[in-house]
Amino acid sequence: MNKLRNFSAIATPLIRNPQIISSLNSRRVTVFPHRLLSTDATVSGQTNEGKSSEVPSGFDELMMQPVSWLSLLLLMVTGGGIIVYYDKEKKRHIEELKNASTAPKQGPSAGVAAIGGPFSLVNHDGKSVTEKDFLGKWTLIYFGFTHCPDICPDELQKLAIAVDKLKEKSGIDIVPVFISVDPERDTVEQVREYVKEFHPKLVGLTGTPDAIKQAARAYRVYYMKTEEEGSDYLVDHSIVMYLMNPNMEFVKFFGKNYDADALAEGIAKEITEHKGK
């Protein structure tokens, strides 16, 4: 825009000067296709070089209209302003795109995630339980299976350490829960023997295939049999721990990337913030 202002500052006095306007208007030009001839030139079918210049029929009257130098000057001023304006807008747009590509983006907030819901399972003592049995307590839920060779034992060991750290450092009691995604092999007895290897407070839950499917669907948990050879198979499943508040409402999930210390700190932070609300 500075270029446009400088040009206008020079052009405006010239355009408003009566003598210049009179001088410009005294000279007119005649416009032909591909040529610009002064009115002093011979236009009776001959060019200045004496060669014929034919004009298409019906086009001569349109192209013979006089155009003043003042109009051309105004056109140049306008065109120059448009060029400067679009050049500036182009640079501004490029700068905005550059800033947008490097600026951190915050994801849209969609409220509380639709995780959790009713379930009806059997605990490791053979007692029927639902989500209502955990009301009034902070709960940490993990889905897995007792025949898991490494991941489930590692995650449950981490969970057990975090539960003890929360109790020791923050005085927070939390109920750890293991829900089987292998109802065919994980009987009540099998789950009982499994959970007692990790923590005395760990609650093991199993149930019918339909009951397990309902619970997994409520918590958005994926699981599927893989590498099946008779009764020997593995179960591919989500590796996530779900922190539920005393109303059995979802608060946060913790993935495999959390170690025991980070898990304990993360849970303590969420509980502290919840109490401060």
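Using the three backbone atoms N, Cα and C, a Cβ is placed for every residue, glycine included.
Nobody curates TrEMBL annotations by hand; they come from automatic prediction.
The transmembrane segment annotation in TrEMBL covers 67-86. Marked as domain 'Thioredoxin' by TrEMBL: 110-276. Among the features that TrEMBL reports, Cu cation binding site is placed at C148, C152, H237. Per TrEMBL, the feature disulfide bond maps to C148-C152.
Apart from the site residues C148, C152, H237, the chain places the Cβ of F143, G144, F145, I151, E155, V181, V235, I239 no farther than 8 Å from the centroid of the site's Cβ atoms, the recorded Cu cation location. Listed in sequence order, Y142, G144, F145, T146 are the same-chain residues six or more apart from C152 (Cu cation binding site) with CB atoms under 8 A from its CB.
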